[in-house]
Amino acid sequence: MYSERKLHPIALLKEMFDNLRKSIIPIAIGLFYIFQAIKSNQWFQAWLFPILIIIVILLMLAPAMIKYWTYRYRLEEKGLRIKYGLIFRKNIFIPYERIQTVQQKQWFFFIPFSVVQILVETAGTSGKAEADLSAVPKSVAQELKDLRDGKKAEKAVEQGENPDQVIKKPFAVQNESEDSTRTVELKTKELLLMAVTSSGVFGSLALIIAFLSQFWEAIPEEWLASGFEQAIRLGILLFVVIAILLLIILWIFSIILTLFKFFQFKLHQFEDHLVVEKGLFERDTTTIKYERIQGVVIVESPLRQILRLVSVKIITAGGADEQNQSGNILLIPIMKKQLALETIKEMLPAYHFEEAKIEKLPKQNQARFFMIYLIWSIIPFLILSVLFYPYGLIALLLPLFAGLKAIASFRATGFSLSEGTLLLRARPFLSKTTHLVRKERIQSMKVSRSIWMERTKTNHLSIALKSGNSETTPFLRYLAGEQTERLYKWYHPNV
């Protein structure tokens, strides 16, 4: 019954792909330096090239093949046992009752073989899976769930507890016979709208800069000098054209990545949990248990705010692999604001709120936003304008942008109180964020006031929420004294 099992052969392909993805940049840099050294020494033998290619292939494939051929797992009576390794043998044993989460992932090339990747995390790990079954039949996940629930029930009976209250079922394993009560799907045109209005282009730019920085020092100085001389001759127009073309290419690249990541996005509602499915090449399934939800976050970027579009995130507690199952989980990537609010009302009725009941800051508090933003922008403006005169005068835009940010932050700030739900709205940077939090989920509430705020009796307020294995702290700035007092008494009525 508890016989050893091997991974599906498709696991070898996945391991090779992972090794290639992790080592492609170091290998490319190494080859670049090797060929530069050969070129500088003025010698190169033709037979060296195929040998180098063979060495590179072996470096990428050997670890994957060793892990696949030595990997064995067994579902024993008391726990999951995993063994692998050739020189350094690893023997991992995970008792079923210690299993915290089990997550399923399915790459596109897994689908024809009906296999999935299973990531097992225990309560003792912090954000990283303790066991990775890279390609196993779907039934293994259900076996793990049944064995884990059975051990939990046995332990509860021994301790005289109710088994139903002890078993929390934190598995990302969906019962095939269980039907969802509601399903939300995003169409391709909605995903395109999400990609077009996202800020992913900056992420793509950062990736390219990081990649190029690896090769910067290896580029011969004469190449750089020649390139700069040519650019200076062509003038600033060339830089503008290249910058525009680069941004367009990055924008298109960002759109393609977004479509791949959120392909066939589906949000399912079940009796005690929500399930999010997405992805083209890697089908990712995320289960969100209602009891782990710490809050709801509605995000509106400036462009999406104009179009009345929002995204919705869920803050959850507890660990999971690489924050896919905990922390901030994207519940709705993009949706019309009114429709998103209706979806929250239906799926998470405890977090429903009325827009008209949000209380704004007093008008006179706007001066506080102007003062703090202008102070922090005028100082760098003065430094840049003096050191780099006259070009430094371009920094005059900093106070202008700071003033606009002050107005936007003041107008966005607000809150709402109900019997058990708190709403905090602010604009920390560019996007307007609305946090919806249940009173019992708030870990702490903090009120602070600097000596400069004593005269106006204004305060800063923040709350602490569990987010994954750490905390997140939504905040409001420059609240009136009376508003702060009401918020604090709502949370701590005995004060």
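Cβ atoms here come from the backbone N, Cα and C positions, even for glycine.
Worth saying up front: this structure is predicted, and the values here are computed from it rather than measured.
The transmembrane segment feature in TrEMBL is assigned to 20-38, 44-66, 191-216, 236-260, 370-391. As annotated by TrEMBL, domain 'YdbS-like PH' applies to 68-146, 265-342, 411-491.
Looking only at the domain 'YdbS-like PH' (68-146), the predicted model's pLDDT averages out at 83. Residues of the domain 'YdbS-like PH' (68-146) grouped by DSSP class, helix first, strand second and coil last, total 20 helix, 40 strand, 19 coil. DSSP states for the domain 'YdbS-like PH' (411-491), grouped as helix (H, G, I), strand (E, B) and coil, give 19 helix, 42 strand, 20 coil.
Under DSSP, residues within the domain 'YdbS-like PH' (265-342) fall into helix, strand and coil as 17 helix, 45 strand, 16 coil.
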